[in-house]
Amino acid sequence: QIYDTSCKGVYDRGLFSDLEHVCDDCYNLYRNSYVASACRSNCYSNVVFRQCMEELLLMDEFDKYARAVQIV
């Protein structure tokens, strides 16, 4: 896994892994490369990441992921 240089916070492999899984699962759902790159844009702080969470039924864990995005 390559470190995203758009992320300016703390490098935490576990948090990156959690965020990356959302984007990977979303890509697997849609099989669209735009979804994969847009999900990761701006260090996961974007509307596509949130839409992916909704589509993957992860909104009950939104606060956990929002904190992770703020940290990384």
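Using N, Cα and C of the backbone, Cβ positions are placed for all residues, glycine too.
The model shown is predicted, which means the values in this text are computed figures rather than measured ones.
Swiss-Prot has this to say about the protein:
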{"type": "MOD_RES", "residues": "Gln1", "note": "pyrrolidone carboxylic acid"}
{"type": "DISULFID", "residues": "Cys7-Cys43", "note": "disulfide bond"}
{"type": "DISULFID", "residues": "Cys23-Cys39", "note": "disulfide bond"}
{"type": "DISULFID", "residues": "Cys26-Cys52", "note": "disulfide bond"}
{"type": "MOD_RES", "residues": "Val72", "note": "valine amide"}
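On a Cα basis, Cys7 (disulfide bond) lies 6 Å away from Val72 (valine amide). Cα to Cα, Cys26 (disulfide bond) and Cys39 (disulfide bond) are separated by 8 Å.
Checking the disulfide-bonded residues (Cys7, Cys23, Cys39, Cys43) against Cys52 (disulfide bond) with a 10 Å Cα-Cα cut-off leaves Cys23, Cys39. When the alpha carbons of Cys39 (disulfide bond) and Cys7 (disulfide bond) are compared, the span between them is 13 angstrom. Geometry remark: Cys23 (disulfide bond) versus Cys7 (disulfide bond), CA distance 15 Å. In sequence order, Phe16, Cys43, Tyr44, Val72 are the residues of the chain that are 6 or more apart from Cys7 (disulfide bond) and have a CB within less than 8 Å of its CB.
Neighbour density at the Cβ, taken as the number of other Cβ atoms within 10 Å, is lowest among the disulfide-bonded residues Cys23, Cys39 for Cys23.
Under the three-state DSSP scheme, Cys52 (disulfide bond) falls in the helix class. In this structure, of the recorded positions Cys26, Cys43, Cys52, Val72, the smallest number of CB atoms within 10 A of the CB marks Cys43. Secondary structure from DSSP puts Cys23 (disulfide bond) in a helix.
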